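One structure below.
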Amino acid sequence: MDIFQKLKDFYWPHRRYFIISIVFLFLLTGITVVYPVILQLTIDEVILEGRYSLVPYLALGFVAIMAIKGVATYISQYNGDIFGIISVYDLRNKLYTKLQRLPFQYYDNAKTGDLMSRLTADVEMFRFFLSFGFAELIRLVLLLLVTISVMAYYSIPLTLVTLCTIPFLAVAVYQFDKKVHPAFRKVRKSFGQLNTNVQENISGINTVKSLSREEHQIGKFNDSNGDYKDKYIMTAGIWAKYFPLMEFLGNASVVLLLGYGGTLVVNGSLTPGELTAFYSLVGFIIWPIMNLGFTINQFSQSKASGERLLEILEANEAISDKENAIPLLSGKGDVVFDNVTLQYTSEDEKALDQVSFKVDNGKTIGLIGATGSGKTSVTQLMTRFYEATEGNVLINEVDVRDYTLSSLRKNIGFVLQESFLFSSTIKANIAYGRPDVSLEKVQEAAKRAQAHDFIMELPNGYDTMLGERGLGLSGGQKQRIAIARAICLDPSILILDDATSAVDMQTEINIQKALSEVMKGRTTFIIAHRISSLKHADEILVFENGKITNRGTHDSLIHEQGQYQRIFNIQYKDQKKVLQPQPEAR
Amino acid sequence: MKTQEQKNQVMNRFQYSTDQVIEKPFNWMQLWRLLRYLKPYSKKLLPLSILMVLITTAIRLVIPIIIGIYVIGDAIENGNSNWLMTLVGLVAAMYLVNYAANIFRIKWMNILGQSVIYDLRKHLFTHVQWLSNRFFDQRSAGSILVRIMNDINSLQELFTNGVINLLMDALMLIGIFIILFTISPELALAVMVILPVMFLLSTKLRRQIRRSWQTVRLKQSKLNSHLNESLQGMRVTQSFTQEDENAQFFNGVNTENFESWREATKKNATFRPLVEMTNAVGSAILIWYGASLIQADKLALGELVTFAFLLGMFWEPISRLGMVYNQLLMGMASSERIFEFLDEQPNVAENKNAKTIKQIQGDITFEKVDFSYSNDRKALDSVSLDIKAGETIALVGHTGSGKTTIANMITRFYDPTGGKIKMDGHDLRDISLRSLRSQISIVLQDTFIFSGTIKDNIRFGHPHATDEQIMDASKAVGADGFIKKLPNGYDTEVEERGNILSVGERQLISFARALLADPRIIILDEATASIDTETEVQIQQALTTLLKGRTAIIIAHRLSTIRDADRIYVLDHGRLMEYGNHHELMLQNGIYHKLVQSQFAMLEAL
């Protein structure tokens with residue numbers, strides 16, 4: 001119950017709905033047993049005694065009572081549902097807000113699929129339990145109590161005889177439940193496998209077709225498809241074994257009732273009406289007991305779901321505003337790294353190892369080095385996506401930790417390695433950081449990023465929808481939109497993390513020219529693998545294993561022995577060769 | 001007014017199209033086509049299942065008669081203990097038979113349903129697998145996946161329970177009618193007043209309820225789409241500090257979801273009370289009129305009890321018939337989508353007399369080839385190429401100039417709309433697709449890595465390759481080094497899209513894959529992706545190994561590749577503008593020369 005205690009904030013404020021639901025639940029369960037009683041009265045009092053004048057009262061009374069029951073059912077069910085829905089509404093909002101605040105570090109370790117299943121399946125499980133689980137448990141106990149009391153009122157020995165199959169039924173239910181859940185899990189897993197299989201096949205269809213591996217893929221699919229079928233049939237085998245058994249045990253009660261009850265009637269110690277009433281009452285008990293396993297299972301599952309949700313809600317928001325944090329004002333971008341060391345987790349090697357550099361406002365800095373050498377880490381410390389393990393990062397002479405996060409990030413335009421675009425129009429994507437910006441500003445940014453021309457060629461121009469159902473753009477086009485998105489922020493510091501890898505060389509050069517114009521008086525960081533992308537930088541920092549190994553301008557670095565010179569030689573071999581007018585001897 | 005506008009702006013921040021038709025009008029042709037999938041099982045499984053259904057239905061109909069008329073109305077009323085015990089024994093025996101029949105009914109019906117679903121899914125997948133590239137170009141991967149998985153699944157219930165339950169329920173209803181009318185026509189008529197109401201509830205009201213649940217589902221899928229996207233784009237959101245704006249949007253979607261749910265639950269909660277009320281009215285009629293019939297000596301007590309039992313059994317079949325009807329309507333929408341795919345024909349079909357060529361040499365000729373993807377624009381305009389076996393050819397031009405189209409035509413992903421393509425002197429259309437494609441490898445820009453081990457991924461090109469062959473191929477292209485450094489070497493599991501591998505590493509794997517496939521012709525789509533320089537050098541070296549002794553067609557970006565090609569074809573808007581080797585073209589002072597010059601001029605200008 002600890003879990004539910006912790007999640008109390010979400011459902012306790014709405015307890016009114018729950019209480020109403022339960023009160024009416026009591027009422028309607030009480031009324032449920034009226035039908036058998038009326039049946040008994042009709043047979044014993046009216047027909048056998050011949051008091052037919054009572055009939056209209058009985059019939060109308062019955063309809064009236066059932067009408068009351070109908071209203072009670074409606075109120076109870078509706079309020080119970082609302083209790084679950086409204087609690088989950090609060091929970092979802094809270095989860096979403098929380099997820100927005102969790103740091104990069106959290107997402108480095110979390111898988112989208114896992115988070116999604118928590119946000120969908122676990123939330124749903126929690127709702128289901130609030131709406132039905134609680135109430136169902138209460139209803140079950142109540143129904144059993146009332147039904148058995150009425151039965152006992154008629155005849156205690158008959159009640160005992162009739163219900164003697166119940167323990168067997170309970171065992172069968174327990175066994176069934178124990179077996180069916182793992183089986184279902186296997187079915188779901190197998191379905192997931194089949195799904196992955198098909199998805200991969202379609203996503204990789206070009207590869208499949210280019211190597212003509214269709215038959216192989218069909219074979220692989222058939223295996224998964226067959227496995228799913230087998231698992232399903234196996235699960236159905238469990239139903240086939242237990243459902244008929246449970247039904248039979250229920251029916252056995254009826255047989256016992258008829259045999260013993262019939263004898264009692266013949267003896268005269270039971271009336272025919274009471275026997276008939278018994279027959280109906282038995283029906284009320286059997287079904288809830290079959291359902292018992294399901295309800296109990298719901299309870300334990302919803303507990304596990306609640307636990308997984310709490311994990312998100314209680315995750316550590318490691319990076320947040322300090323007290324008395326000040327806003328970073330726009331217009332200027334001096335950056336200083338003072339002996340900065342970064343270690344993502346204590347098991348990892350140092351991503352940055354005592355890095356120091358100073359950048360004056362308005363300069364362009366190039367960062368180069370192999371994958372994993374620390375280039376990206378440097379830029380992510382400026383925006384405080386991560387925090388330095390040692391040393392200080394200063395912007396405009398103030399430690400970044402003293403700024404408010406929002407002002408810091410609003411002043412730094414970041415073009416991330418993967419250019420993720422949202423399901424929205426191109427215009428909204430470019431204006432993502434400043435939703436209120438005018439179309440002119442958006443177009444201006446797009447022009448600078450060399451994206452305007454291809455956007456205008458699209459059927460709906462800037463109103464073209466992107467995203468999962470929308471238009472597919474090429475890698476280079478996506479990158480250009482991502483660049484426009486950063487320019488549109490009008491930032492003091494612009495960071496391009498390998499942002500032009502998929503655009504052709506000529507476009508890249510155009511982008512750079514445009515950028516040097518926009519970024520006049522502001523600071524730019526460029527991470528790239530191609531020398532041509534960094535050549536014009538005021539200073540180039542060469543990274544190797546988290547350290548800066550060389551630094552200087554392009555002209556100075558090509559004369560210095562080291563990684564930069566090596567990269568230059570490899571990349572510019574091409575140029576020399578191509579421009580040579582004479583073909584080499586073969 | 002202003003706030004409404006702002007609200008609209010917030011809600012238009014992201015757009016997810018989730019509107020899809022979930023229900024279609026009934027269509028006999030389509031149903032017939034679906035039911036034909038039952039045919040393979042019409043000899044054994046289907047009749048056996050039906051037999052079991054008949055047995056259980058019969059028992060369920062007979063038992064109320066025995067209990068009502070004979071046990072209560074005769075044995076008990078007349079105090080005949082022996083007769084009572086005989087009857088009770090009979091009932092017990094019938095329940096036992098019912099028990100056994102139920103076991104087989106559930107088992108066989110599930111096997112039947114799953115087998116049909118298996119067949120249908122297999123048929124669809126196999127069909128789709130052989131469709132042409134154009135089919136896949138025009139659709140998103142998600143929309144194809146949804147048909148193979150979800151649309152077929154939505155037919156599962158219909159085939160497992162729906163069809164057979166339809167029979168069972170119809171029989172049950174007819175049986176109840178017959179019994180009721182045999183016992184007492186007047187009372188039967190009186191009680192059946194409630195039937196139309198029940199039918200109405202089961203179809204009309206239920207349909208309305210289901211519609212509002214559909215609205216809930218759509219809202220929920222919008223909510224989930226956004227959640228998924230917002231998780232994937234979280235880094236962008238945080239770097240652009242849009243957390244609060246997104247939370248506002250989410251709040252809106254969440255509220256919509258809540259409202260739709262409330263509407264649905266409001267309707268849903270009326271269902272059970274209304275059904276019970278109808279039943280209550282039926283019972284009241286039974287009591288009232290039944291009692292008066294007994295009083296008039298037109299009905300026996302036992303008969304009244306039987307009536308009461310059977311009246312209670314009315315609702316179940318009616319309710320289920322309503323459900324099956326709804327399933328059918330939903331099944332119509334799904335099956336329409338499935339059949340749409342099944343009716344799709346591959347646009348390059350195998351020629352009837354196509355011959356298998358064991359060993360292609362690799363001479364390729366294009367004779368005035370025309371091609372257009374759609375009718376408006378020519379992707380290739382009278383292109384003639386002559387490629388000799390063993391040559392390396394570079395295709396140069398801007399995006400949309402026709403480079404990729406040429407590659408697609410060589411593998412016969414498309415057929416030319418005019419002109420001819422010949423391979424070793426045979427028209428491409430006369431060669432069996434399998435023998436053609438199995439000897440051509442395409443190394444794509446974006447290498448697809450399947451989930452499985454590295455070894456499996458390399459083996460993909462040649463399923464019977466031994467481990468040694470795989471390692472040899474990897475060594476030859478220089479992939480061996482990084483593979484060995486992975487936690488489990490060649491047995492390291494990689495996920496879809498190969499998350500643990502860098503772009504360059506994926507490229508090397510695809511080279512090894514291609515080398516292992518040992519094709520006669522290689523088509524290479526050179527990537528301009530973010531590969532660090534050291535890796536790029538490795539790739540260049542691997543390329544030399546890979547291309548040795550094969551015909552190679554390279555869609556080229558790197559100048560070194562272009563320069564080393566035996567021949568360069570320069571394309572512009574689907575036309576062949578110039579060709580020759582680097583030296584010849586540079587001397588020609590044409591487009592190519594300008595292209596090379598301008599690139600360097602730009603570079604120097606910075």
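Cβ from N, Cα, C; glycine included.
What TrEMBL records for A:19-301 is domain 'ABC transmembrane type-1'.
Annotation source TrEMBL lists domain 'ABC transporter' at A:335-570.
The transmembrane segment annotation in TrEMBL covers A:17-43 (among others).
Outside the transmembrane segment (A:55-75) by six or more residues, the chain places 20-21, 24-25, 27-28, 31-32, 34-35, 38, 41-42, 46 with a CB less than 8 A from a CB of the stretch. TrEMBL lists A:55-75 (among others) with the feature transmembrane segment.
What TrEMBL records for A:126-148 (among others) is transmembrane segment.
Sequence annotations record features per position, and here TrEMBL assigns transmembrane segment to A:154-176 (among others).
Residues or ranges marked as transmembrane segment by TrEMBL: A:248-270 (among others).
If one looks beyond the transmembrane segment (A:276-294) by at least 6 residues along the same chain, the residues whose Cβ comes under 8 Å of a Cβ in the stretch are 32-33, 35-37, 39-40, 43, 136, 139-140, 143-144, 147-148, 150-151, 154-155, 158, 162-163, 166, 169-170, 173-174, 176-177, 246, 250, 253-254, 257, 261. The transmembrane segment feature in TrEMBL is assigned to A:276-294 (among others).
Within the model, the domain 'ABC transporter' (A:335-570) carries an average pLDDT of 86. Residues 11, 54-55, 58, 61-62, 65-66, 68-69, 72-73, 75-77, 79-80, 82-83, 86, 130, 134-135, 138-139, 142-143, 146-147, 150, 154, 271-274, 276-278, 280-281, 284 of the same chain lie 6 or more positions beyond the ends of the transmembrane segment (A:17-43) yet place their CB under 8 Å from a CB of it.
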